[in-house]
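I have placed the structure first, in the form of structure tokens, so that the comments after it can refer back to it.
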Amino acid sequence: MGICQHLDGLCHWRHQKWLILFAALFELLWFGGYHYGYNALVYPYKQLGVFAHMCNVTNQGCELQERMFHYAFIVWVVTQMCLITVTGILMDRVGLRVLKIIASFMYFAGTLMFAFLSAETGEMLFVAGILVALSTTSTLICDHQISSMFPKYRGLAISLMSGAFDSSTIVTFIISRTAEKIPLQISFLFIACCGLVFGILMALFGLTQWAPDMSRKVWTTSSKAQVEFTKGLIITENNEENTDAKPSVESHIQTILESRYTSLSRCICSWPFFLVTIWFMFGLLRFSYFLNQMSQQLTFVFGDDVDTINELRAVSSALLMCGLVISPISGAVLDVSRAVFNRKLQSKLQETKKETSCADEVYWIHLRAIAPAFLLMAVAAITFSLLNFVKTKPAFFVGFIFFVILRSLLFSASVNFVLIAFPQRYFGTLNGLVNTVGGIFSLLQYGMLELSPVSGNSLAVGIAVVLFVPPIIIFVKRH
């Protein structure tokens, strides 16, 4: 602990937070979730004979060989989401720095496996993807805590980091484009080594042992006394010393959270946790099903037009890298919405003196700050789901743009919701549980991939409709 405290206090440069944010964005872009761009690696690995034994003796390639890559991706995502709860618990128990170092070595091991994939070691793809998926998501969760350095623009900071993570598919895009000149093995070895070094440097000098708003120091005895004093300051209405005190919105919300959620079980058994979990479950299913269904969808729309299909694959890979471009929009939606609802909360606090009588109503007004982002993602999901029935190139392009919007909002909005809805000390565990439930639910993809394109697209529309339910409930619920 002494070493950790020493590392935390090494540098107090005035603009340190901006350098750390830039370093986090760089890391998430170049050493982030490149496994989401697995489609770009299918052809190079097929050339190496990976899963060729699934086909005939001539190893010419077949549908089952390509489907194995899609099955591997499903395993990566589901395992990542199911195990991310462990990541959350580790973050809450041992801190950011230890978790980040563990994630860096997992990333190194997984990327090394990608480097040495061949016809004889094809099954190693499943393990490689799991290690990369879990490690990069752990890195994203750790880096999200950097947003606490920017309290006024926390939504924007989280969206930027999520956008950089989304855009990390640029790695597989570049590797696939240079595969003829630079062997896959060399490319992945370079990424593995650079990722390990950069990850350890970020853990030691970019992150603190505990996030500023989750530090264990907050929960010492003296700090608890301070919290109790703040509670008394806010709730007491007849104390003459406090009649002129105007508690900030943030301090009042924190008081409500502490009194409302005294244990982890109360958080899990609450309406807000149920709503964000339902929203994330169906959002993740729609997101991952679209990626796995892409080959089937392109064949459904364009038939045997191989040139058009290859062109659209290339364009879709480029659009997937636009997450960092879209993320400021997502961040603006989150921050502007929070600012608007904070003003409403301030007005509500000024209207009434007895705060205990309106605590529930104030709490739900507070949660409505994220509802517009939930609603916007639902609109994006229903739009590109309906456009899947339109057999034209412009419809595919427009639909894919809405898919990128969905991807940008899915993770940033869910993280923001958990951050504002519950006490900070439970964030890691609760965020992990939301992801785990979503990962288990997304196993439905295995059955959905067996459906015809029309049936699958129809079911996808139904999934998108469900996404409207949580934000509507948040908007209308008061108690």
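Glycine is treated like the rest: Cβ placed from N, Cα and C.
TrEMBL annotations:
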- 18-36: transmembrane segment (TRANSMEM)
- 68-91: transmembrane segment (TRANSMEM)
- 98-118: transmembrane segment (TRANSMEM)
- 124-143: transmembrane segment (TRANSMEM)
- 155-176: transmembrane segment (TRANSMEM)
- 182-207: transmembrane segment (TRANSMEM)
- 268-291: transmembrane segment (TRANSMEM)
- 318-341: transmembrane segment (TRANSMEM)
- 362-390: transmembrane segment (TRANSMEM)
- 396-419: transmembrane segment (TRANSMEM)
- 426-446: transmembrane segment (TRANSMEM)
- 458-476: transmembrane segment (TRANSMEM)
When counting Cβ pairs under 8 Å to the transmembrane segment (362-390), the leader among 18-36, 124-143, 318-341, 426-446, 458-476: 458-476
Cβ-based contact of the transmembrane segment (98-118) with the transmembrane segment (268-291), 3 or more pairs under 8 Å: no
Range from 18-36, 68-91, 318-341 with the greatest count of C-beta pairs under 8 A to the transmembrane segment (426-446): 68-91
Winner by Cβ pairs under 8 Å against the transmembrane segment (68-91), considering only 18-36, 124-143, 155-176, 396-419: 124-143
Considering the transmembrane segment (182-207), which listed stretch of 18-36, 124-143, 155-176, 268-291, 458-476 counts the most C-beta pairs under 8 Å: 18-36
Stretch among 18-36, 124-143, 268-291, 318-341, 458-476 sharing the most Cβ pairs under 8 Å with the transmembrane segment (155-176): 318-341
Considering the transmembrane segment (124-143), which listed stretch of 18-36, 268-291, 318-341, 458-476 counts the most C-beta pairs under 8 Å: 18-36
